[in-house]
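Quick look at what Swiss-Prot annotates:
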TRANSMEM  9-29  transmembrane segment
TRANSMEM  60-80  transmembrane segment
TRANSMEM  96-116  transmembrane segment
TRANSMEM  127-147  transmembrane segment
TRANSMEM  155-175  transmembrane segment
TRANSMEM  180-200  transmembrane segment
TRANSMEM  210-230  transmembrane segment
TRANSMEM  263-283  transmembrane segment
TRANSMEM  294-314  transmembrane segment
TRANSMEM  327-347  transmembrane segment
TRANSMEM  366-386  transmembrane segment
Amino acid sequence: MCSENFKKFLVSEASGGIFLIAAAVIAMVFQNGFLSEFYNSFLHIDMGFKFGEFLLQKPLILWVNDGLMAIFFFVLGLELKREILEGELRNPAQVVLPAVGAIGGIVVPAFIFYLFNHTDSFAARGWAIPTATDTAFALGIIMILGARVPASLKIFLVTLAIIDDVCAILIMAIFYSGDLSLISFGVAAIVILGLLALNLLNVNKKSFYLILGIILWISVLKSGVHATLAGVISAFFIPLKCKNSDKSLLKEIEHDLHGYITYFVLPVFAFVNAGISLKGIGLEQLTHPVSLGVILGLFLGKQIGVFGFCFVAIKLGFAKLPKYSCWISFYGLCILTGIGFTMSLFINSLSYNDTDKFAYADKLSVLIASVISGVLGYIVLYIASVRKEKIEVKAQNESF
């Protein structure tokens, strides 16, 4: 049975997928219509602030990718901590299958991408693009099917997505960091100690965490490590429970920010990153090794990796198929993990530093693979549910 909190999470994530789709479509219309010049100028408006000798100035698109997405990763960190302490990740037995699937869903897509691009060192930087899963879109498709999809499969997908996001965070920290600044690292370390002190003293004032979180974000941004990691680090120091009080600061902040993430941050990210120009894109661009690596990595690599690794784990007795599901419905869910969209676009921006070297075919490939995975995953899950209904009806008739 799903808890009320889990049901609310599913509904918000699924409805948020509609906003994501709308934002992406609007961006495509802007980029390929008469508003393309305005759209591109808007994305590159310089914004920033100065404090004494300190100056922080970036184009709007980088404020979104480095700033707003840090808030997204902050909420992701809160969800992860809550799940580890009292949620789905608390029970090791429930984590085995999603963890195995997440590993397969990273290894196989990355291998497929590398096969196509190992001869070009710059192109090969995008190996992590097809390893991500967009939870909002995948859950959106599942919610359309409603009760046809067992709750156990929804829990499996969410748990896999959480583990997948943790791996994405580690990948960004290890492989997509720039030139490192020891001074900025030192400042970040001091701030982290401050956050640790707040946690140990069980301070429940949001403003204290906010101030230190902003300082941490700036120091991490200047350190050469991607600034979004500051969000995850800050989240881990937010107390789940407060002494002498029934309220949870972590849950309170998560509740306050979740709507902004779902209906503002992610749609804005989609709007500024999904505006792909279709001018000059033809068969040559779509058959480029990067495009093939992304499309085949997301569409084939994710489903083969997740399903294949889970199949082996189940057959060896390390895990069990989710309750009330069959191999067909489980396979349909594995196909949905090929919906990369937001996270894949985000890793794409880190891989190629927002250049248009591949004429946006790399971004278009993410959209193509995500759409194919979404449509086919829906069809397979629907077929599995119809087949299950027929078997149940036949069993009822035979009982009479």
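We number each residue from 1, going along the chain as drawn.
Note: Cβ is positioned from N, Cα and C throughout, glycine not excepted.
In this chain, the transmembrane segment (263-283) lies out of contact with the transmembrane segment (294-314); the count of Cβ pairs under 8 Å, excluding pairs fewer than 6 apart in sequence, is fewer than 3. At the 8 Å Cβ cutoff, the transmembrane segment (263-283) and the transmembrane segment (210-230) share fewer than 3 close pairs (sequence separation 6 or more) and do not count as touching. The stretches the transmembrane segment (210-230) and the transmembrane segment (127-147) are not in mutual contact, being linked by fewer than three Cβ pairs under 8 Å (pairs 6 or more apart in sequence). Using a cut-off of 8 Å between Cβ atoms, the transmembrane segment (366-386) and the transmembrane segment (180-200) share fewer than three residue pairs, counting only pairs 6 or more apart in sequence. Scored by C-beta pairs under 8 angstroms, the transmembrane segment (96-116) has its highest count with 155-175, from the stretches 127-147, 155-175, 180-200, 327-347. Sequence-distant contacts of the transmembrane segment (327-347) (same chain, at least 6 residues past either end, Cβ-Cβ under 8 Å): 20, 24, 65, 69, 101, 105, 126, 128-134, 136-138, 141-142, 149-150, 153, 156-157, 160, 164-165, 168, 171-172, 176, 266, 269-270, 273-274, 294, 298-303, 306-307, 310, 321, 363, 366-367, 369-370, 372-374, 376-381, 383-385, 387-388.
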